[in-house]
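*Asks:* Got a structure for you, questions after.
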């Protein structure tokens, strides 16, 4: 572990020399000691020393790359970015490559003068000590420097960073060019002049106070700014006033002077031509301007861009009168227009010319939740003026900000009262943000309980305590036996009991199988509860061995529909899940397969053979397709053929490829087709899982390398062989008078019983 960086340059350099000489300095990359003969590299920014090989590996590693996008690598210590990767071993001053170690010199140095330029910008002297690690010490030379105002000189150390100030007044000219700086000797530029002066506008009607040196618009020797009002000064004619906005002097010539006006008022005819026709020559600016007698033709403010209206009066002085045509007026949003007389428009105020249509704006407001709904809207931002009103994170207050996008801010309400748990042991001190939950407490709950049993739960903020978990004993309903290890749960004035046993079956019902030596039937013993929570006595019933496996399949399918209740800790009664109709379907007769399984089981028990072993090579002799699967395949042979083809391709691909697993997703299909895929997947050793909800529920199959195999005989080939070996069935003859015979001579199909999918458990 390296020591802290010293406060000054001298001690920093001395510390590095001491640690490198005594071999106590560690490389930050490999955390190994830097030996005096090992090649090293030193960062010129932080002066940390690293092994040369370590810094090469670090510079090429992805973790060292700079994040500024300019390339390069970062120093492990100071994170300073460099573009060049070090490749050679040099001394600290960089003059000698591969310096040899000398007992009388600093390790990794050349023993010559350093000669590097110091970091201080205004120091012209080079480092005058021997080649060394760390920063160069301050320059020992003395130089003469002037103060900030430049009036006095002082002798100081070269490279001294502190500024020199004298006690004289600055006296430099300020930005206004009229006044001098009154501050004592200071660094940098002088502050702007703070004296206030009064400026007058160009027309001389307005004044304003500004700081001395404030930039003027333009000075004409009288005024300095424009007041944006009509000038009103007398023109050179002495009869008319200036009509321009306040401007620098001088004003323009009178626009009615005879030497200025050369044409008639409409501008179509020169005055010289009118003088030839007998018009009186103008002498003064007040004399009328002769008219040419033609139509004025000046463009008017009415009309449109496509059709501009012009003045219909004869050549005249002054403003033109309104025309007798009509103009189109658009509403303020531009959606509708109406036709109006130009004379009416000319007499109306400009604000009254526009009108509003009845179109409502359908654009979203800035909040993204509400529509604008303004009539004839001209707004471009569509800011929402409603209050947000959504509940804040505390759940107690609502957002009072204008309706906005995104999440609301946290509640700004704060409580200055202490927040404690129920018993008062845990405390949160104010200020407490609104919505803060009471603190957690590890003490036992001190609330009053309905039972006298010991309390095993901690202090809580909920008003209702959790159920009592004290273990007790209870009689069954018939007072026949006492059951131990019963949870005593008190709630709503009723006492309920629930079993806790090491071996549990479905819910709280305990099922076990007991074999009779004298019979092949299986006895299921069940203990359960009634609605009042009392235990019911033992009840036994017999199942045929061939039906026992089917019974469990029915129970598994039924319990799968109650998974939500099981996850919440409730119990499920199996006898209520299986209907009488399902029990009738479970009453099946033993077939040859059942007898073979029973015989093999007895033989395996006698020979002490594990159920998972296959000593007679029965399982590997060939695929075994169930009768139900064969019956479904005969109904849709093309579908089964396509499924088997895809499964064979998937198994061959995973066994020949380098991947251990490959999956295939089937499109959504009905329950019968999914059951066929699940059964075929078991034959091929493929994992199959159903996803999504109806009607988009689909099956995904996954082949595992070494586990999934292709059977020797496919289901379609087995069905073809059976069809070839089976004789054609005789054609039955039915009497037409039989009520069970249809119009086509065939018996009417009986009402089909609902088929339970025992193999689509994944659904």
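Each residue, glycine too, has its Cβ placed from N, Cα and C.
These figures come from a predicted structure and were not determined experimentally.
As annotated in TrEMBL:
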type: DOMAIN; residues: 24-81; note: domain 'PHD-type'
type: DOMAIN; residues: 27-79; note: domain 'RING-type'
type: DOMAIN; residues: 637-705; note: domain 'R3H'
type: REGION; residues: 721-753; note: region 'Disordered'
*Asks:* On the DSSP side of things, how many residues of the domain 'RING-type' (27-79) fall into helix, strand and coil, could you say?
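*Replies:* Helix/strand/coil tally for the domain 'RING-type' (27-79): 12 helix, 10 strand, 31 coil.
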*Asks:* Treating G and I as helix alongside H, and B as strand alongside E, what does DSSP give for the domain 'R3H' (637-705) in helix, strand and coil?
*Replies:* 34 helix, 17 strand, 18 coil
*Asks:* Over the domain 'R3H' (637-705), work out the mean pLDDT and round it to an integer.
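*Replies:* Across the domain 'R3H' (637-705), the average pLDDT comes out at 89.
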